[in-house]
């Protein structure tokens, strides 16, 4: 990916007669490479296990609910309620305000929530802060993949879309390093949450200089602004064709700016919403959060007692998988990566089940568990992680894209909550081997679902995809 971008820079430097193309493309790449990893860092810092799960004992002790596992779990997970609401309202808001302004508006709850949590002196205050964080996360996690899919040139849409996953991996590693002092300083959690508010300021500032989606500009009648954006980031030769395609799709889908939720019940929107919701259900029930939860214990069994060291191995593996996805996604396509990813996850799960259920040799069994865990995380990062969020906006129509993504992510948050709620109880009742076998079975089901229902979007503009879906060419 880096080599490809470098070659593009070299090539564009020679186009001295086209400064707008060069400057626009350079700015576009700058914001894709820097802004979205920063945003992903916001998500990871404020809601990942590294920020809240680690120091939750210190938080509970200081705020007076130590030993109450229900309240401790509520503090960690209440952001899911906010995220659910945020994902639902994201679509209508972006239809009205556009992407840049909606991003900026919802950095406010991200920043405010982190600051309220950092200064909390009671349970109510930290719950309020976490809910605000969840609200901002819910909106922004819906907008990021849509924005990238609408702004990125078709040729690089997949690779640029994987930057969310890469940024998340870097965020995990950074938040891990940030949390190290918490082991010795019981008040360090406040510092962590203060730091968690800083990327939100950067996101709000950065979006002031980022471009608006040309598709949204066309949808609201700002054709001249849309042409400027297209000329700057896609090239002057693409302007007329792109605008013509935008208008053709708008004419085909209707003249009204805003869609209604009930439209998701009509074809082909209902099929895309079904695919989006199902992919997120399968992603969560394939067990990624459960595997990450048990990864530290798995490493402890082979002598790696440091949770930070174990998490570093997981983070590096995740990062390596995301880099591979960035290279492969526009070459092999989304569908192949999804299928291959889930098949790899299934093999990894059954390898761990074998090592747990048939320990012929203890050292070999532990080594196989480590291998299976890392294989699973790598496989997830190649396809199930980045492709799921990317392919849904690609399949959605311009008219209903925001609402379909909002629906899909609301399903994601509900599934995430259910897995977290019942995972430990299921492990206690049935054992790790049985639960992991179910994860492997769901992964196989997800591979079959991806083969049967998803449509390849590689190398096709969003308008080409929408027109083909509307004509039922790809729905039969």
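Every residue gets a Cβ built from N, Cα and C, even glycine.
According to TrEMBL, the feature domain 'Major facilitator superfamily (MFS) profile' maps to 28-458.
The transmembrane segment feature in TrEMBL is assigned to 33-53 (among others).
As annotated by TrEMBL, transmembrane segment applies to 73-93 (among others).
Per TrEMBL, the feature transmembrane segment maps to 105-123 (among others).
Look at TrEMBL and you will find 129-148 (among others) tagged as transmembrane segment. Same-chain residues lying 6 or more positions outside the transmembrane segment (129-148) and placing a CB less than 8 Å from one of its CB atoms are 32, 36, 39-40, 42-43, 46-47, 52, 75, 78-91, 93-94, 99, 102-103, 106-110, 112-118, 120, 157, 160-161, 163-164, 193, 200, 213, 389-390, 392-393, 401-402, 405-406, 409, 413.
Among the features that TrEMBL reports, transmembrane segment is placed at 160-180 (among others).
According to TrEMBL, the transmembrane segment annotation covers 192-211 (among others).
Annotated transmembrane segment per TrEMBL: 272-292 (among others), in sequence order.
As annotated by TrEMBL, transmembrane segment applies to 337-356 (among others). Panel annotation: around the transmembrane segment (337-356), residues 282, 286-287, 325, 328-329, 364-366, 368-369, 371-373, 375-376, 378-380, 382-385, 387-388, 391, 431-433, 436-437, 439-441, 443-444, 446-447, 450-451, 454 of the same chain, lying at least six beyond its termini, place a Cβ under 8 Å from a Cβ of the stretch.
The transmembrane segment annotation in TrEMBL covers 368-392 (among others). Using a Cβ-Cβ cut-off under 8 Å and counting only residues 6 or more beyond its ends in the same chain, the transmembrane segment (368-392) has close neighbours at 141, 144-145, 148-149, 157-158, 161-162, 164-165, 169, 272, 275-276, 279-280, 283, 286, 288, 291-292, 294-295, 298-299, 301-302, 313-314, 317-322, 324-325, 328-329, 334, 337-345, 347-349, 351-352, 354-356, 404-405, 408, 446, 454, 457.
Per TrEMBL, transmembrane segment is recorded for 404-424 (among others). Long-range Cβ contacts of the transmembrane segment (404-424) within its own chain (Cβ-Cβ under 8 Å, at least 6 residues beyond either end) map to 77, 80, 83-84, 87-91, 138, 141-142, 145-146, 264, 269, 272-273, 276-277, 279-281, 283-285, 287, 289-290, 293, 392-393, 396, 435.
Residues 274-275, 278-279, 282-283, 285-287, 290-291, 294, 335, 338-339, 342-343, 345-350, 352-353, 356-357, 384, 423 of the same chain sit 6 or more residues outside the transmembrane segment (430-453) yet have a Cβ under 8 Å from a Cβ within it. As annotated by TrEMBL, transmembrane segment applies to 430-453 (among others).
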Considering only Cβ pairs within less than 8 angstroms, which of the stretches 73-93, 105-123, 192-211, 272-292 has the most against the transmembrane segment (160-180)?
192-211
Below 8 angstroms Cβ to Cβ, which residues of this chain, lying six or more residues outside the transmembrane segment (272-292), approach it?
49, 264, 314, 342, 345, 349, 373, 376-377, 380, 384-385, 388, 391-392, 395-397, 400, 404-405, 407-409, 411-412, 415-416, 418-420, 423, 427, 435-436, 438-439, 442-443, 445-446, 449-450, 453-454, 469
